[in-house]
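Asker: Pasting the relevant annotations from TrEMBL:
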- 20-39: transmembrane segment (TRANSMEM)
- 51-68: transmembrane segment (TRANSMEM)
- 80-102: transmembrane segment (TRANSMEM)
- 114-135: transmembrane segment (TRANSMEM)
- 141-163: transmembrane segment (TRANSMEM)
- 283-311: transmembrane segment (TRANSMEM)
- 331-355: transmembrane segment (TRANSMEM)
- 367-384: transmembrane segment (TRANSMEM)
- 390-411: transmembrane segment (TRANSMEM)
- 423-444: transmembrane segment (TRANSMEM)
- 456-479: transmembrane segment (TRANSMEM)
Amino acid sequence: MGSRELLGQAARLASSGLLLQVLFRLITFVLNAFILRFLSKEIVGIVNVRVPLAVFWSLFLGWVWLRLLEVPDPHVVPHYGTGVVVFGFSAVVELLGEPFWVLAQAHMFVKLKVIAESLSVILKSVLTALLVLWLPHWGLYIFSLAQLFYTTVLVLCYVIYFAKVLGSPESAKQQALPVSSMTDLLPSMTRSRTFVNWEEAKLTWSFFKQSFLKQILTEGERYVMTFLNVLNFGDQGVYDIVNNLGSLVARLIFQPIEESFYIFFAKVLEREKDATLQKQEDVAVAAAVLESLLKLALLTGLTITVFGFAYSQLVLDIYGGAMLSSGSGPVLLRAYCLYVLLLAINGVTECFTFAAMSKEEVDRYNFTMLALSSAFLMLSYVLTRWCGSVGFILANCFNMGIRIMQSLYFIHRYYQKSPHRPLAGLFVSPVLLGTFALSGGITAVSEVLLCCEWGWLARLAHIAVGALCFGVTLGTAFLTETKLIHFLRTQLGVPRLADKTT
């Protein structure tokens with residue numbers, strides 16, 4: 001399959017995945033907003049901050065959660081111990097579906113992935129809402145059972161789909177799958193009669209180390225909160241709600257694009273070869289795509305940063321009421337809007353970097369990540385002691401900035417000897433930058449005058465001002481960023497690349 005066909009396939013999968021994500025996430029957004037009205041900040045802090053860490057480590061250090069960490073007041077968070085065990089069991093169930101997830105990811109079954117995960121999340125949210133309404137005294141039972149239900153549905157979706165596909169030889173052949181039956185996904189001896197392919201095991205070990213370090217960098221603030229007790233359970237709950245709300249756009253827009261185009265870059269480019277030694281048409285297409293993705297990420301991130309500053313308090317008030325819109329919530333979300341800008345750029349740059357790196361370069365990058373992990377954890381602790389929960393977001397911004405710089409250096413070096421300059425996607429026209437600045441100023445004044453103590457009429461007026469500014473900004477982008485608009489029309493709208501370089 002040529003680079004253009006791969007690009008068309010990746011673009012179709014990204015766009016369809018994006019539409020499905022938006023539809024399903026909208027449903028779960030409404031359900032979660034409803035559930036928040038019936039929960040205390042303390043139980044939200046336990047479930048959203050401590051639980052993800054314990055699920056990640058449940059197979060290795062499950063006893064830490066029960067024996068070493070602070071146990072919450074049973075009157076505030078009932079059934080803590082049993083809930084911990086159920087959460088750990090849900091992690092085991094989820095691991096059973098990992099081979100199917102890898103197979104789906106490698107063959108770009110993005111629709112399957114989006115539908116399976118979204119259906120599982122929706123059913124989990126529905127079950128949580130029903131249990132919160134009918135059996136609120138169950139405490140942590142509610143969330144542990146909902147998590148187990150989520151992982152079971154997720155695994156069953158993959159198992160049922162591949163059982164159906166592999167049960168039909170014609171369908172399996174049409175999909176060009178490397179396995180012919182469900183038993184092929186189980187552990188087995190290789191052709192050389194060895195249980196482990198050591199060449200693949202070494203590459204897997206490199207990516208495992210990278211994933212471990214990324215876990216520290218991604219979830220580092222949770223470790224600091226959990227083990228150093230810099231925030232109480234209530235503050236942890238507010239922080240994590242804001243964190244999840246702020247990252248919603250990243251999950252909706254950036255994640256489907258990053259996952260689809262990572263596969264595209266990995267299939268078009270060869271890891272062990274310099275750009276000048278590869279097929280130049282593939283290198284040119286990859287450069288054009290990378291430039292457009294960088295511009296898309298930059299403009300989306302700037303939009304969220306500019307408009308998010310003036311609408312953070314209103315969004316939190318609508319989503320969670322006074323529990324979120326008062327206190328530190330609005331400040332956290334405003335800071336997180338800046339972090340989303342860095343998150344968007346880093347997602348695209350690392351998407352390309354990890355697809356093009358050789359094994360040796362991945363190992364070197366792991367050492368850098370190790371040093372960055374230590375610095376990030378220490379900085380998180382210091383900044384949180386200095387300026388409260390917003391310190392976690394500032395530490396994340398530092399972490400993301402360093403990672404972006406590393407990826408930009410790799411991309412610059414990768415294309416240095418070629419005529420292509422994909423990093424030009426990080427430059428925005430002065431007219432568009434001026435429009436962003438003007439919109440930010442107008443919406444900031446609108447927030448002071450109209451939001452959020454003057455009733456719903458004033459709030460609607462504030463929203464109308466933002467909609468007008470957003471429309472002007474979007475129109476300016478259409479007029480100034482013609483290359484990006486061409487890419488979006490031909491790839492995310494039409495499945496073929498009409499012109500690689502416009």
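Each residue, glycine too, has its Cβ placed from N, Cα and C.
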Asker: Going along the chain, which residues at least six beyond the ends of the transmembrane segment (390-411) come within the CB cut-off of under 8 Å?
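Answerer: Distant contacts of the transmembrane segment (390-411): 217, 220-221, 224-225, 239, 290, 328, 331-332, 335-336, 338-339, 342-343, 345-346, 349-350, 352-353, 356-357, 361, 365, 368, 372, 376, 379-380, 382-384, 422-423.
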Asker: Would you kindly list the residues that approach the transmembrane segment (456-479) from elsewhere in its chain, counting only those six or more residues past its ends and only Cβ-Cβ distances under 8 Å?
Answerer: 299, 303, 306-307, 310-311, 314, 431-432, 435-436, 438-439, 442-443, 446-447, 450, 485
Asker: Any contact between the transmembrane segment (283-311) and the transmembrane segment (423-444), i.e. 3 or more CB pairs below 8 Å with pairs at least 6 residues apart?
Answerer: yes
Asker: Can you tell me which parts of the same chain pack against the transmembrane segment (331-355), counting only residues 6+ beyond its ends and a CB-CB cutoff under 8 A?
Answerer: 210, 238-239, 242-243, 245-247, 249-250, 254-255, 257-258, 261-262, 265-266, 269, 286, 290, 293-294, 296-298, 300-302, 304-305, 308-309, 312-313, 315-316, 362, 365, 389-390, 393-394, 396-397, 400-401, 403-404, 406-408, 410-411, 426
Asker: Counting only residues 6 or more past its boundaries, what in the same chain has a CB within less than 8 Å of a CB in the transmembrane segment (141-163)?
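Answerer: Here the qualifying positions are 43, 47, 51, 55, 78-79, 82-84, 86-87, 89-91, 93-94, 96-97, 100-101, 103-104, 112, 115-117, 119-121, 123-124, 127-128, 131-132, 135, 182, 185.
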